[in-house]
Amino acid sequence: MVEFSLKKARNNWKHVKKSASSPAKQKTPPSPAKPKQKTKKNPYSDLKDPATSYTLPTINARERSRVATSMQRRLSIHNTNYAPPTLDYSMPLPDMPNMIVPNDNVDSSHNNSSFTTENESVSSKGPSNSLNLSTADLSLNDSSYNKVPARSAMRNTVNPSGSNDPFNNSTSLRKMLANPHFNAKDFVHDKLGNASAITIDKFTSNLTDLSIQVQEEVKLNINKSYNEIMTVNNDLNVAMLELKRVRANINDLNEVLDQCTKIAEKRLQLQDQIDQERQGNFNNVESHSNSPALLPPLKAGQNGNLMRRDRSSVLILEKFWDTELDQLFKNVEGAQKFINSTKGRHILMNSANWMELNTTTGKPLQMVQIFILNDLVLIADKSRDKQNDFIVSQCYPLKDVTVTQEEFSTKRLLFKFSNSNSSLYECRDADECSRLLDVIRKAKDDLCDIFHVEEENSKRIRESFRYLQSTQQTPGRENNRSPNKNKRRSMGGSITPGRNVTGAMDQYLLQNLTLSMHSRPRSRDMSSTAQRLKFLDEGVEEIDIELARLRFESAVETLLDIESQLEDLSERISDEELMLLNLISLKIEQRREAISSKLSQSILSSNEIVHLKSGTENMIKLGLPEQALDLFLQNRSNFIQDLILQIGSVDNPTNYLTQLAVIRFQTIKKTVEDFQDIFKELGAKISSILVDWCSDEVDNHFKLIDKQLLNDEMLSPGSIKSSRKQIDGLKAVGLDFVYKLDEFIKKNSDKIR
């Protein structure tokens, strides 16, 4: 209110000063029409005596109401639900003895300007202090839990902390609110019923500060709890990993113990057998005490029953090798690109503390580690990114590496590779260098032995394969049973060659060759092509199983699938794998012949049209459409012959000839329809075979009638009409044999009546 009055007085004073200091306006004569108005005397115009300038100007009711409304708004900020009471602003304010300003702060000798300066200095210090206090409250240290907000701290500086007044001290207010017997309604009625606006403002501010402090404490407690939970969670994860590692180690230990137990049991069994055998030999010696000499007891290796080897130790050794390779893959970056975990591959030696030298100057280049495998040499150098890991520098097959020791130094080895590159390495220990050289020599000797065994096995396989190729005959075009080539050829003909070699012996040789190919020792990795060939060779047995169960469709599909894969592999196969490819191709040809032979028998003996169509379609899938059509037509010819034989006696010639015409020509018509259904894509190429067969069947019909006329029997016009009717029915499928009937009538016109 004081500030508002001072502002208004200052504006009035400026207006008076401006009017007094403008001489131009005083020169203007006054208007005669309007009377001269008296200007109000400004109480602040004469400020010579500061003691008389303390009197405040009066404020009207409207401005006083505006000031009161502003004060209500300031008080309503602290409490949103605050409703200001209806007050009479004409009444004087009550006395406030608690708010007496100390005498130290009042100086009657100060003038108006010094009073304003002092207020400005106090207001300028206030925000900085509150800023420092609020910054200190926002720190997240553990010691800041009990700190109060800035406003409470500022208020506590005015009121001592030892005071128990809840209106001025937030600590006492907090204790009061924490009391379980605290009643808010009673407190408001007793303490705040007759309180002043300033007291209510202080109490509201204390409540707000206390609420902020509690919220900050809650946030800090939540943050602390979250950090503790995360710490416990991390510890649990570490413990879980350790438990998994311990569990894996326990499982490995159990496996090793089980294997050791099995090995011990087998060794005890073998030892018992050896002891029993020795005891039996000792009894035999005692029974033959009259013999001139005593025979030594049989050893374990001399008994055929004891020649069985215990391979459990080999399995343990292979697992140990795999573990070493896995460790190599973890420690050496890029090792998996050059080394595969193939069965039998293992590490012979791992030598560290080697230094690669310049072959020309002999200066050291980098630290390396050399790994000698049973068929590879891997050299790894230190990785620049990681201090403890290695990265692959060179990797070559052992047979392509030549290692020599320098004459003037026992610690240096010169490695010469197949690509005409060479590297010089030096070791700190001369014994380590000699041991590495011995391991390489032994590994190369083992590779030479394996290579010789492979050469002998390959030579034997080539000779056997060459023998099979010379004795094996592939079905050719002459086996096609087309009516144009051989109409009455026996369907049970054999395709065995002229030499005295049976199919059983060929099969026996093929089995031995396959076993020899798969049992070959391999010094290098089995390529993907070789693995596919082995898989295809196993698929040949599936054909035999399906064929034995008379599942011709599955057998044909498997055969065609293997043939397509062999054709794909033949383009990128090596010379070493070409022999196995030819061997599998030879076995596939045998299975093809077996399938075609059994399909031929099935087609000829089938009386159901469904099985007949299925067998014919399978023959077409095998690439034998002409042979399939020939078998199909021969089956239909046999079917016509069987139906004719079932007619019986020929007491009524007219009825007999009518039945002959119906059987033959209706079967021909049905056969043409089945041909169009089975041979959809190949009908245009082999339709001539069908037309020839139909023509032959029509000729056979008239030949059979001629045999009936040999007994001087006469033909009735009814039988001729029935034959003409059936022949005309063939026109529906595109066949017209009316001219054959006309020729028959002309030839036997004298016997028709």
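Quick reminder: no glycine exception, Cβ is built from N, Cα and C everywhere.
Among the residue ranges 174-226, 227-279, 386-438, the one that Swiss-Prot annotates as coiled coil is 227-279. Between THR58, THR323, THR342, the residue that has phosphothreonine written against it in Swiss-Prot is THR58. Checking SER139, SER383, SER516, SER596 against Swiss-Prot, you find phosphoserine recorded for SER139.
Here the Cβ of THR58 (phosphothreonine) has 8 other Cβ atoms within 10 Å, regardless of which shown protein chain they belong to. For the coiled coil (531-585), the mean pLDDT of the prediction comes to 81. According to DSSP, THR58 (phosphothreonine) sits in a coil region rather than a helix or strand. The C-beta environment of LYS219 (ubiquitin cross-link), restricted to residues of the same chain at least 6 apart in sequence and closer than 8 Å, is empty.
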